[in-house]
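*Asks:* Taken from TrEMBL, the feature domain 'DM2' applies to 384-468. The domain 'SUI1' annotation in TrEMBL covers 492-565. Annotation source TrEMBL lists region 'Disordered' at 178-202, 222-259.
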């Protein structure tokens, strides 16, 4: 869009009311940004202008400029960040990776073709058609372009990574970037699960040679006249298909296995498929999207230390593999909606399923990282307690307790019963009633009841007493001393948020209260969901982090927290937000 010079129509300062509206719009479009971050992006007092311009194709665009740099632009009532903004907030959008030589073509107005993507070991970020995405280069997470996905991740994978993947709107080095301070992208280290930097792994000379060879797998759309070298780069294979180095592709094959890499991957694919059908997929799940079978079930059945990559198998595509399984009459696949296949039937009595031996779970499959040490996660023992407030000290002082004393529910019951018996408050005519003396009246009755209620049943007396006490709780982690805190323990909170282009993200908060490391949980979910994850400070919570996962991943979260981590359901809030079977996430 900004590959050629644009024409400026007007440049005016933004008023205070318009700044507030812009902040509200930014918050609505990018809910992952905290209040402080939004205020930093759209300042309250510093210079902020709106530049109205016409792109070279005639599109009317409004550009917001702060500190001399364009930070946002608006096109057809849609708000987009510039690369300057993405360098400050690199995780604002799901990010796809391509090769450095592609950038020149993108700057020239080309769109990004799917063969040009670099597929990380954890898989591509989960997006839907029309979602706004960032594009970065191998070795640096700083985005160099933004574009709109022309198809969903599932469709990308189903196509074998062929065709146009993204309509590019804005790039580093285009004319919109040139209207700013023309700074270069910062160096942001790739995530741990990103592909390794070939330049660091094999030296600059070998990296250049490798890059030149691997660039055969790029395909670009744009300028009609391309030099011969780039034309040779436009192929059908992806980087993960071309490389023979398993450590780069993430296969991690069994070194003791004499079979070829392809044969090992075929076996791994069938193993994960049979494991998923035998243990994870239920009859109630049918019809089941084939993409859901892969992303939600088969990937999580992959053994520890192995990476499932269909493109490295002899099948190359999930659809071809499932056709083979259908020919063996294990499953039945149908296209219930145009272009989208679902599994509609499974023969759970098939010999291949019944004879499949479920592998022993890896002891590290439920590990939580602690520095360089790993240890299995065990849920804490959580016990509700009660704290004596100042208003009830007279009732509890006879038993040796004072203000701030912490008691269990059974202790409270015993103390109240003993108090009633010791002070001869049990009704002589009806043992189920307790007479209220002045201390009990002051402790448990409301003001309007002081002269109206003289007796209460035992259950009412005890329940009222518990209600008047202040809540507290005790958390005991295995091998550690109990921790007592006032108040009620907050649940693990799962919410869904809407982002740019109507994209959903799943946000999880308060993992730390249950001894869970947000960064470790994010890493596990990134692999299980095959979706990008980020860990950011939780808004309004001091020293607390939240995990954000692309798409509606409540089902994966529920399985992880309930089945693997064995946390009680009552301590998890938001599980009802999981997508209904067969419904698009």
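Think of each number as a place in line: the chain as shown, counted from 1.
Positions of Cβ are set from backbone N, Cα and C atoms, glycine also.
Since the structure is predicted, the reported quantities are computational estimates derived from the model, not experimental observations.
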*Asks:* Please compute the mean pLDDT of the model over the domain 'DM2' (384-468).
*Replies:* 90
*Asks:* Let's see if you can do this one: DSSP helix, strand and coil counts over the domain 'DM2' (384-468), in that order.
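*Replies:* In the domain 'DM2' (384-468), the DSSP-based counts are 43 helix, 13 strand, 29 coil.
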*Asks:* As a quick check of your reading of DSSP, tell me how many residues in the domain 'SUI1' (492-565) are helical, how many are strand and how many are coil.
*Replies:* 29 helix, 26 strand, 19 coil
